[in-house]
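Here's the structure we're looking at; comments come further down.
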């Protein structure tokens, strides 16, 4: 037993050593560039799937092993680790830093929930809508961490209100009234008696790495770990948790910058197919927004039915008096909004820059009309989405947020400098360098597969799949990606599969977008397990859910997601990219074979 305990303690070390040496005969015996690259690909894939080493550390292995095995020179490998993607990421993080610093995200979320109302069904839809909207621009992880405490306060207030109703009924039957049990409402924005949660700040864009950069800490008070007064109260808590987790993931599908998997795909696709200029922020939003909207609505219906039932008559009944629980919810949300105070100058500037960035992205090359990129027609393709992101990002370091003052020896207060909307130190605390390295490692791995000829070899071996119907190939690849992403990080999954799926599409003479778009979207469908992605883990840490709850709910959302993606790729996405035609920008596969 002691021997096995030692194995368990050093299991990651043993896995690294065994993987390297067990696979070593592959390049030694065959000794071709393809097998040497395959050896590196297998080692990196195993380390990514098992996380024997940190994901970012594993991503550095191509820069070490490609030069040693003569696949690519070190300078060429190094150039793959910083590309247009990283500039886009920097600009987006500048925006996200300012949004979180000045609490604009909280104002948006609370306002949207106030607009929707406090009926439990509409309340969950309000939370899902606001969370999805925020995750379009912020990381899925930070969005879930920011919205979950608000949703938890509302859920606890519902439970407390139910207790008040029960107590009131009991005193009524006893013929007396206990005024001490009246709901403690607040005045002028003071705190109510809801349970409070504390969360450490979660750095932006740390999403989908499978590691949570900071754990959610909860105060161990009466709210957590106690028995729920009613089954409905427990179900509401479960519903709130899953709504936040799933909508933060679904919202990230909508924009290229919404999640790291979208960014990885966009950079890989534009690098492999430079002549195709059909993929940008506007075109991505046009095809992904309808899909995300349908998935969000169907997921809401599914979760509502699963935990609370779906009473259409109750939902759409007009003029009905609000219950005590609904009034309590409305009071919590109203008080949280009042705590923010009137909108400040810094929030207004951040909102204006946010809208300006989105408009410039959409109008750069919308497709149906000439965009502002025609102003630089002498240099076509030079200005990209990263150009816009950097332009707006630099303004956050330039525009004044507040004056810095000091007191002179005479006691006079004078201004000596100003503080910008964000500082470099604040930006650094939000910048996900681990994601930047991970993505760079994926690009280096893809370049190595191209240089060695491994991509062509894989494509040729997969060419017999061309006899299957295209829709079946797409379905198989989507289900494969959805299953793999439940146990591996999303960025690692998409980085690993893109160099395989692209040659497959070329080998069977199918538009690469036909296979790559659904596979990329399905990479985000990690809904089954708490460890599948950070938003799941964050809501699971609140203690309301069991694994079986997430499995049951996540299975339904997974099915909905894959079905909607399949519907989209066969209907409205087809004419956008002419998916039924093999494009001229995609190369024909060579007939190279692996010795």
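Each Cβ is built from the backbone N, Cα and C atoms, and glycine gets one as well.
TrEMBL assigns the feature transmembrane segment to residues 239-265, out of the candidate ranges 212-238, 239-265, 401-427.
Looking at 323-342, 343-362, the range annotated in TrEMBL as transmembrane segment turns out to be 343-362. When Cβ distances are compared across the two stretches, the transmembrane segment (239-265) makes contact with the transmembrane segment (470-501), since 3 or more pairs at least 6 residues apart fall below 8 angstroms. Taking residue pairs at least 6 apart in sequence, the transmembrane segment (470-501) and the transmembrane segment (38-61) share three or more C-beta contacts under 8 angstroms. Ranking 81-99, 343-362, 513-532, 553-574 by CB pairs under 8 A with the transmembrane segment (285-307) puts 553-574 at the top.
By the Cβ criterion (distance under 8 Å, sequence gap of 6 or more), the transmembrane segment (553-574) is not counted as touching the transmembrane segment (382-399), fewer than 3 such pairs being found.
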